[in-house]
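Participant: Provided herewith is a single structure, encoded as structure tokens, for subsequent inquiry.
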Amino acid sequence: MASFGWKRKIGEKVSKVTSQQFEAEAADEKDVVDNDEGNWLHAIKRRKEILLEGCAEKSKQLKDEGASLAENKRYREAIQKWDEALQLTPNDATLYEMKSQVLMSLHEMFPAVHAAEMAVQQNPHSWESWQTLGRAQLGLGEIILAIRSFQVALHIYPMNPEIWKEDLSWARTLQEQQKVAQRIKKSEAPAEVTHFSPKSIPDYDFESDEIVAVCAAIAEKEKTVSANKTMVIVSASGAIETVTEKEDGATPPDGSVFIKAR
């Protein structure tokens, strides 16, 4: 009679050498998969680098073309080239700064300020961008903001004589002229009309007995004066006589003898 026992696992029938062979093959396949995945990621990264290099190269080409057009005063075409370059390299502060200069040459101050602000935003350590921003702000009449921008540019590059002698000096001169003009305007302004506050006017009680009595006396006096009419009568001989005529219709002297004048 056969004795009862646990069933052996199938794997136990496989020899140790065969098992090791399977494990080695599985490890090789895993290495191949890992290598393929690594190669794929590397290829994507390399392709991205190539695209970025191509964009940067194309952007530089467009930048140079725009600069050449701007030197020949073909400003609109230069702006178009730089806009195309910004599509490829939107973080290039130099493109915004150059665009701002050209817009100032076209007397388009609001877009010039906006472009200079974008240049400062992309590269706040660029003294050229701050200098251009200050000049654009001067074009808008924002003297205080322009002075601040020039001061930032000097803080970045303190040895720049152009900012000291031209930009900042000119901005401060304009500021002094503005202050003088404001003082003159203020001195020539007409005197303001004095406005009385309600508290400065006495609050009379027009229904008091005293006010009513005064009004009644004035009315009675006017009534008495109007009841009498005064006439100046000039006689034919030239004599002048003043006659008071009553309201009851008193008859004046004969008109054939006197000439009546009122």
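Cβ atoms are placed via backbone N, Cα and C, with glycine included.
Model, not experiment: these values are computed from the prediction.
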Participant: From the list Thr89, Thr251, pick out the residue that Swiss-Prot labels phosphothreonine.
Facilitator: Thr251
Participant: By a Cβ-Cβ criterion of under 8 Å, what residues six or more beyond either terminus of the repeat 'TPR 3' (127-160) are in contact with it?
Facilitator: 93, 96-97, 100-101, 103-104, 107, 109-110, 112-113, 115-117, 119-120, 167-168, 170-172, 174-175, 178
Participant: Same-chain Cβ contacts of the repeat 'TPR 2' (93-126) under 8 Å, 6 or more residues past its ends?
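Facilitator: Contacts with the repeat 'TPR 2' (93-126): 59, 63, 66-67, 70, 73, 75-76, 78-79, 82-83, 85-86, 132-133, 135-137, 139-140, 156.
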Participant: Could you count the residues of the repeat 'TPR 2' (93-126) that DSSP puts in helix, in strand and in coil?
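Facilitator: Residue counts for the repeat 'TPR 2' (93-126) by secondary structure: 27 helix, 0 strand, 7 coil.
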